[in-house]
Amino acid sequence: MPLSYQHFRKLLLLDDGTEVGPLEEELPRLADEDLNRRVAEDLNLGNLNVSIPWTHKVGNFTGLYSSTVPIFNQEWQTPSFPKIHLHEDIINRCQQFVGPLNVNEKRRLKLIMPARFYPNSTKYLPLDKGIKPYYPGHVVNHYFQARHYLHTLWKAGILYKRETTRSASFCGSPYSWEQELHHGRSVTKTSQRHGDESFCSQPSGILSRSSVGPCIRSQLKQPRLGLQPHQGPLATSQSGRSGSIWARVHPSTRRSSGVEPSGSGHIDYSASSSSSCLHQSAVRKTAYSHLSTSKRQSSSGHAVEFHKVPPNSARSQSQGPVFSCWWLQFRNSQPCSEYCLSHLVNLLEDWGPCADHGEHHIRIPRTPARVTGGVFLVDKNPHNTAESRLVVDFSQFSRGSTRVSWPKFAVPNLQSLTNLLSSNLSWLSLDVSAAFYHIPLHPAAMPHLLIGSSGLSRYVARLSSNSRIHNHQYGTLQNLHDSCSRQLYVSLMLLYKTYGRKLHLYSHPIILGFRKIPMGVGLSPFLLAQFTSAICSVVRRAFPHCLAFSYMDDVVLGAKSVQHLESLYTAVTNFLLSLGIHLNPNKTKRWGYSLNFMGYIIGSWGSLPQDHIVQKLKHCFRKLPVNRPIDWKVCQRIVGLLGFAAPFTQCGYPALMPLYACIQARQAFTFSPTYKAFLSKQYMNLYPVARQRPGLCQVFADATPTGWGLAIGHQRMRGTFVAPLPIHTAELLAACFARSRSGATLIGTDNSVVLSRKYTSFPWLLGCTANWILRGTSFVYVPSALNPADDPSRGRLGLYRPLLRLPYRPTTGRTSLYAVSPSVPSHLPDRVHFASPLHVAWRPP
């Protein structure tokens, strides 16, 4: 007869009311392999090979072979990004605020000023892969929305735009390392390899300064990077030298309007083997006529003023030689049908420039006209579907033999968090807007983190049925109109209402590199965690009576009273703003005395999962089918949810071990009614995880494979096992006996497995029961030689070792508390004293 739920509870000793024998007899039984096997068979836990078809969906959890169709929202708003500029002298500013920084804080702040990224190898992908065809039904809309998002990021100073192979432009305030690379500031060595005068960049991408003779100086003034107008004498003297960049480009391309490879003006790259890979001129717009008034430092140190190009030669680009640009070609062509794009292009006289250029130009290491990752848009988060979020896929750096092993960093575990944050403080949490985009990246990383798009014409051609990318006879009118279709015309007409003349700008190819850290690289979470933990450490030192703590971009502040918290909030906000950190004041949340953080509610009583997680648990058990094999992928998702709440249940993680085993074996799992009832009962009653208190250890446990011994104060006890047990199992049993005999929450043991409080590797029934008995117990390590319970466990009761005075201090784990806050008094004062922390600790920044 299968094991009923009541019997199973009795077996696990979970029922308080039932009469069971003494624990010393009952517990070792649960370690018996035979019993564990019989129970597993009864509960159908071990039977992984099933012939019935697997279930692939349980509630909201989907498993193998299921494809969730992403939903595209035509109304998505592109979020706005503030002009984020983290101040470069952040260390000095912190030191003015709080005095000298300690080593940990300095090291962390230096890591991010600027951040560096050097992958082992980088795979370059064609531009067509820049915007992923994630929404096959909304290709054009997705293209323009993604392109608009990229443009917004570039305008906000988050991206560099590749102008030529070796130069980039950006918006926003430049950092000092960018000013060193500013065009014309530093004179570069010329490498004489192959008679080429290309920039020789050092590994870091910073170009060396050196005093160069006047002859080279005069050559450097020539427009090698297209940053000066091509005027007669310079341009002609240039074409004689074979090595220079401009000599490689067909002379016809040297015009003042932008060069467009995907248009028809077929460019002949004489020196390059594959013309398809050189879209460089796409981003190498030689037209800098809009820069005509800006002054630039020349290499010789004199300011060179851009000469104004005579008005007739600098016609507005949209009226200039039209054959340079796919979009403007439609203006002079005969409409091919009522859905021809020429109808749209003729709506506007002036479509604006073909390319936008940033406020600043810098030199960069050689950057090919390629991308290294694709982008697509999704909902900003499950609660905000009105705004979009850009997903950047740089997964190439985490794959294959050349993958980058990302640095590891400490994530606070539940017990550490509770020890640290469980107190009766008032709490509020701050919202850092676009946290990742605060941290600047060195320009040398740009060639590895490239995103972009190949331009609308190629994008549409690639997705239409017969790919016309391979026939290079651009420019014939028939080819131009190949892309006209009703669908494209209707989409563009609707988009014209949204974007207006920007449609022209967005239809051009573009290559962008990251100037701030992107989210799709494993380095970014590490850097963000280092950054916010260092800042919080500074805040804790500045306000010693308060607590500041962060995990990634989630920053919380705690203070003893609401008034104190408000003044702290004002001071900290001003401090963070002075560093250039952007906070979103609308999203500041005041929590009162129970803080919501990282999915937990943390109050003076301890921590529990937040309510939405409790609701998910209830929903999960309502939908969980019985006696049907569930595919292991679904099990993985169920275990993810149950694992989060496991520390709050009686039996903890050990209860989930059968599920873990089936996931590891990649087999289906069948819930028997008893196992489901057991789990659901476990998760319906959640117990808070309390904070650990410091104290003196008075109770010690020790065991040998054949016997156990306890030292409780001056009392000694011993016992033997019926059969020899593995040593870890014996030690665990001894710890359980110590807890049940003495009721002490602090036990000394010399076994590392018991100390770790992970009971998942023990026999299943014993692990579940031991977790319940030892819940809330803290363990102190005591070396075997000093353990007072060592002798009793070996059967020697007469010998007395002196009782140790073992103090126990609860740990906050590796959560970076470099500045340890003084402990907060546990009671609230009846009234504010005049020596209140408001008057004493709060110094204006």
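Indices start at 1 and increase along the chain as displayed.
In case you wondered, yes, glycine gets a Cβ from its N, Cα and C as well.
Over in Swiss-Prot, the protein carries these features:
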REGION    1-179  region 'Terminal protein domain (TP)'
REGION    180-348  region 'Spacer'
COMPBIAS  289-301  compositional bias 'Polar residues'
REGION    349-692  region 'Polymerase/reverse transcriptase domain (RT)'
DOMAIN    359-602  domain 'Reverse transcriptase'
BINDING   Asp431, Asp553, Asp554  Mg(2+) binding site
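The DSSP secondary structure for Asp553 (Mg(2+) binding site) is coil. Using a 10 Å radius centred on the Cβ of Asp553 (Mg(2+) binding site) and all shown protein chains, the other Cβ atoms total 18. Report note: the Mg(2+) site is defined by Asp431, Asp553, Asp554, and the residues of the same chain whose CB lies within 8 Å of the CB centroid of those residues, excluding them, are Ser429, Leu430, Val432, Ala435, Ser550, Met552, Val555.
In the three-state DSSP scheme, Asp431 (Mg(2+) binding site) falls into the strand class.
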